[in-house]
Amino acid sequence: METETRVSAITRRLEASAIPREFASFAEEIGFVCICSMGQLLFAIHLSHTFVNQITLTDALKTTSLNTPWLIGSYLVANGVSVVISGSLADLISPKHLTCAAFIWLTLWNLIGAFSVIPKRIILFFVARAISGLAVGTLCSAAMSMLGRVYNPGLRKNRVFSLMGAMIPLGFAIGFIQGAAILGCGLLIFGLTQGSPAQWTPYTYTLVIIGVACLASFGLIESRVRRPLIGNRLWKTPGFFLLISSYFLGYGACAGAWQFYAVRFLLTIQQKPPIIVACYLLPIGVSGTLASWIVSRTLYIIPGHVIMMGSMLAFATGPAFFLPQQAGTLYWALSFPCFIVSTFGPDMSFAAVSVFITSNVPRSYQGAAGSLVITAQNLSTAVLAALGDTIGEKITGKPGGSLDLMALRSIWWLSLATALTGALICGFFVRIPRSEEKEHIS
């Protein structure tokens, strides 16, 4: 019996490490993985080119800096909630068809958005940003569904998801250079974002309260329906809620409350032109690729919660390195090492969380489970960026939303505290075993 068990384990390991039977050759597998990775790459590109051009776009649209968070908020809110629905849809119909339709839809609305960057079409511009977010979210969900179905838990799956995680920093580098869920998330982010320009009038408080109530209703309904958008088994997995909470806090602290305002610091406080800022951020692509390579080879050796702890600390290095900065601080002194180290955060956490989540649900829920990771990172970025803007405006106290160095530092303190909170949650309450070769659960 012991010999049969050992042979069975070796057989599973060999099967999980070999080219999946769906592919005729290694080249075909590479093409498949590249197509699946395009969603993450395009997500980062669409987000990062807004980061580096936030001042330029504000001037071109003749709007105030108070509305700057909506440059990313309109995109992230739509993206974050679309992946939940499209993820479940990808499990029910062909994800291939969803992918093709999303590419066409994204191309069309990018063209529309390109011709709407003028003041009289400002509403159309934000609509185009939102619909682009819907398309990119569909790409990400379909990719997670296809990858989760094709790859069994094991070394090969770890490497594929690590490669997919590398698309985020690579996309950032490229981008720098060139029902109830929807209602709840939309109202929540709208209320948080509009709290600053509207001076937190009763209607903004009301929107936030209604948004939270809608999200609570959504969760209650999900727990009772026969075929929920996200399998109930996942919510019952020990430590899952704390894991996704830690990921939410860490990713939002980095992308929303630190990186967005770090770019603004370089543009406004240090008075660097956008092309120079883009060059400053190029090391992110190299560092992110290296981080993915390391993670793909360590998930098999190191428990996932240790990797998550490392990612939370990497998230925290962003604000920690920027808090001491002054207008005349040299790029090589603090910014350069900061961009190198902090990039390890998204790659390490995305790979660890994705492998854990997709390995703990049946094949029929792979798209929905994977989309939950995308939803967490997108909504956390929008929420923390909105909260950061509110804090910055209160500290500055000036009309027009101009953020001085003191306001930016207050936002980075929020980022640091949030990332460290995620690290504490992960360190004390989250336990993810080492990845191993096995079949999907039924």
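Each residue, glycine too, has its Cβ placed from N, Cα and C.
According to TrEMBL, the features are:
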TRANSMEM  72-93  transmembrane segment
TRANSMEM  100-118  transmembrane segment
TRANSMEM  124-148  transmembrane segment
TRANSMEM  160-190  transmembrane segment
TRANSMEM  202-221  transmembrane segment
TRANSMEM  241-263  transmembrane segment
TRANSMEM  275-294  transmembrane segment
TRANSMEM  306-324  transmembrane segment
TRANSMEM  330-357  transmembrane segment
TRANSMEM  411-430  transmembrane segment
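Taking pairs at least six residues apart, the transmembrane segment (275-294) and the transmembrane segment (330-357) share three or more Cβ pairs below 8 Å and count as touching. By the Cβ criterion (distance under 8 Å, sequence gap of 6 or more), the transmembrane segment (72-93) is counted as touching the transmembrane segment (124-148), at least 3 such pairs being found. Within its own chain, the transmembrane segment (241-263) has Cβ neighbours under 8 Å at 47, 51-52, 54, 72, 235, 277, 281, 308, 311-312, 315-316, 318-319, 322, 335, 342, 345-346, 349, 353, 356, 372-373, 376-377, 379-388, 392, 403, 408, 411-412, 414-416, 418-419, 421-423, 425-426, 429-430, 432, counting only residues six or more beyond its boundaries.
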